[in-house]
């Protein structure tokens, strides 16, 4: 079972927006050393929208090779074209990914039946574990619990990243699926409570900069130690809030640069973190113990 702290890994770039393979390698090592339970490559935080297909598959291939089976690698392969999502998912399987994360189609706003057919088609076309991803704040598409319940019985669909931040939504999904269907948080601010409800982990932006703390939080929450989990959550709250002071992954890439983990690089239309946000994020890193 894929569970625990799953980092939504950034894709390091230089100042010209070229992929920085050396920094990527060092970030993977950082997570292996700090207790991260799985790596999600080229998802939203990994800037999948601005990577071309060859770059997309090369990031996955390199992460898989470096991890070498020590923890699961989940590849972001969602698209708003079903045909393209099948292609990306096939490529990820060929590259050795353990599972794929598929965001709901964005911009074209399919119906609930369209969502069911989209994800069912991909699951039937590519034999690899697949995780649904619902983040309506980014996609303008909200997959309802009834649709999730229908999809939960489709072969190869093993779980969902629920990123609405709505705990009632998580409760509704948990109540409508079997116990072996994995419900993950995709919202750092509410992740601890979702896991205490029965969720199996957190696909986390905050884990990029605080992997050990997020791993400890997830472990405590999943064993039912609410006191410990909530105490760690309180420590991380400044980061959970400030890492979204501008659009993700702008702040987290700046934070990793501030930590000396990667160059100052991001691709248009995203831009580097505005100067007014530097000190608030620096203070959050200090308050959470990431910077001294």
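Glycine residues also receive a Cβ, built from the backbone N, Cα and C atoms like all the rest.
Listed in Swiss-Prot for this protein:
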ACT_SITE  133  active site, proton donor/acceptor
ACT_SITE  161  active site, schiff-base intermediate with substrate
BINDING   45, 203  pyruvate binding site
SITE      44  site 'Part of a proton relay during catalysis'
SITE      107  site 'Part of a proton relay during catalysis'
Just name the winner among 107, 133 (the recorded positions) by count of other CB atoms within 10 A of its CB.
133
Spatially speaking, which of the recorded positions 44, 45, 107, 133, 203 is closest to the residue listed as 'active site, schiff-base intermediate with substrate'? Use C-alpha to C-alpha, please.
133
Excluding near sequence neighbours, so keeping only residues 6 or more apart in the same chain, what lies with its CB under 8 A of residue 44 (site 'Part of a proton relay during catalysis')?
8, 76, 103, 135, 138, 248, 249
Work out how many Å separate residue 45 (pyruvate binding site) and residue 107 (site 'Part of a proton relay during catalysis') at their Cα atoms, rounded off.
18
Take the Cβ of residue 161 (active site, schiff-base intermediate with substrate) and count every other Cβ within 10 Å, whichever protein chain it belongs to.
27
Determine, to the nearest whole angstrom, how far the Cα atom of residue 107 (site 'Part of a proton relay during catalysis') is from the Cα atom of residue 133 (active site, proton donor/acceptor).
15
According to DSSP, does residue 203 (pyruvate binding site) fall in a helix, a strand, or coil?
strand
Comparing local Cβ density (other Cβ atoms within 10 Å) for the binding-site residues 45, 203 points to 203
Measuring Cα to Cα, tell me the gap between residue 203 (pyruvate binding site) and the residue listed as 'active site, proton donor/acceptor' in whole angstrom.
10
Local backbone state of residue 45 (pyruvate binding site), from DSSP in three classes
coil
